[in-house]
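Participant: Okay, these came from Swiss-Prot:
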type: ACT_SITE; residues: 114; note: active site, proton acceptor
type: BINDING; residues: 18, 22, 29, 30, 96, 98, 99, 114, 181, 182, 206, 225; note: NAD(+) binding site
type: BINDING; residues: 29, 98, 99; note: nicotinamide binding site
type: BINDING; residues: 122, 125, 141, 143; note: Zn(2+) binding site
type: DOMAIN; residues: 1-236; note: domain 'Deacetylase sirtuin-type'
């Protein structure tokens, strides 16, 4: 049935959350408080306040996150989505993830709602750098400013352009597929609802129930995302 929806859709949007990344082995953000960080709340470290007032702790935390992302990579689900994009079956990927795995697998049209750990920029002048600077223990810009990941921290404004594009894509969607998101973070969790209100079929693939399951045309909770996407590819 979903294969038919995919082939019949003129505009398909994929929306991915933490569950997409954890299938690659990457711990989710909320699980980041292990080891050295066990006594810390990640949401407090990942804040503009910590960057401004406790920069060493901030850099230590994010260097570890950058190194962790570089240990892992895309799984079969990422590659299937990239292939579907090439085939014209997927028209937009909207992601809450910051690991860059969609782009690494070959997807071109990716809207990152919360930024990316693959890039850094200077907090003072805005100059962009690769995250390899953190790996090589380089934490300052040529101007002397602090290098920080190009992600949205707690206490910062959300990226208006990425969100507006995501809202526009949701309005156009015939098929909207949620992969691995609990749909509890606002305003990102409004995006699937916009698609549904504009006539899209809504599919939610997530291990745990979400607040929007009641609006979905289909929910899947007993399959891993990669297996689910592979099963669709193998249909027919």
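Heads up, the Cβ atoms here are built off N, Cα and C, so glycines get one too.
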Participant: Please list residues from the chain of residue 99 (NAD(+) binding site) whose Cβ is under 8 angstroms from its Cβ, counting only those at least six apart in sequence.
Facilitator: 21, 24, 26, 69, 72, 116, 117, 118
Participant: CB neighbours of residue 96 (NAD(+) binding site) within 10 A?
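Facilitator: Taking all protein chains shown, residue 96 (NAD(+) binding site) has 22 Cβ neighbours within 10 Å.
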Participant: Per 10 Å Cβ neighbour count, which of the binding-site residues 181, 206 ranks highest?
Facilitator: 181
Participant: Could you check which of the binding-site residues (18, 122, 143, 181) sits closest to residue 98 (nicotinamide binding site), going Cα to Cα?
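Facilitator: Nearest candidate: 18.
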Participant: Which recorded positions are spatial neighbours of residue 96 (NAD(+) binding site) here, meaning Cα within 10 Å, out of 114, 122, 125, 143?
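Facilitator: Cα filter at 10 Å returns 114.
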Participant: Counting every protein chain present, what is the number of Cβ atoms, excluding its own, within 10 Å of the Cβ of residue 143 (Zn(2+) binding site)?
Facilitator: 10
Participant: Taking Cα atoms as reference points, which of the recorded positions 18, 114, 181, 206 is nearest to residue 125 (Zn(2+) binding site)?
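Facilitator: Of the recorded positions 18, 114, 181, 206, 114 has its Cα closest to that of residue 125 (Zn(2+) binding site).
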Participant: Can you give me the residues near the recorded Zn(2+) site, meaning same chain, not 122, 125, 141, 143 themselves, Cβ no more than 8 Å from the center of the site's Cβ atoms?
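Facilitator: Output for this site, in sequence order: 123, 124, 126, 127, 140, 142, 144, 145, 147.
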Participant: Work through the binding-site residues one by one (18, 98, 122) and point out the residue whose CB has the fewest other CB atoms within 10 angstroms.
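Facilitator: Comparing Cβ neighbour counts within 10 Å for the binding-site residues 18, 98, 122 gives 122.
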Participant: Taking 125, 141 as the binding-site residues to compare, which has the smallest set of other Cβ atoms within 10 Å?
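Facilitator: So among 125, 141, the binding-site residues given, the one with the fewest Cβ atoms within 10 Å is 125.
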Participant: Return the average pLDDT for the domain 'Deacetylase sirtuin-type' (1-236) as a whole number.
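Facilitator: When the pLDDT values over the domain 'Deacetylase sirtuin-type' (1-236) are averaged, the result is 94.
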Participant: Going by C-alpha distance, which of the binding-site residues 18, 181, 206 is nearest to residue 141 (Zn(2+) binding site)?
Facilitator: 18
Participant: Does DSSP put residue 122 (Zn(2+) binding site) in a helix, in a strand, or in coil?
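Facilitator: For residue 122 (Zn(2+) binding site) - judged by DSSP and reduced to three states - the answer is strand.
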Participant: Reported as an integer number of Å, what is the Cα distance between residue 206 (NAD(+) binding site) and the residue listed as 'active site, proton acceptor'?
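Facilitator: The separation of the Cα atoms works out to 20 Å.
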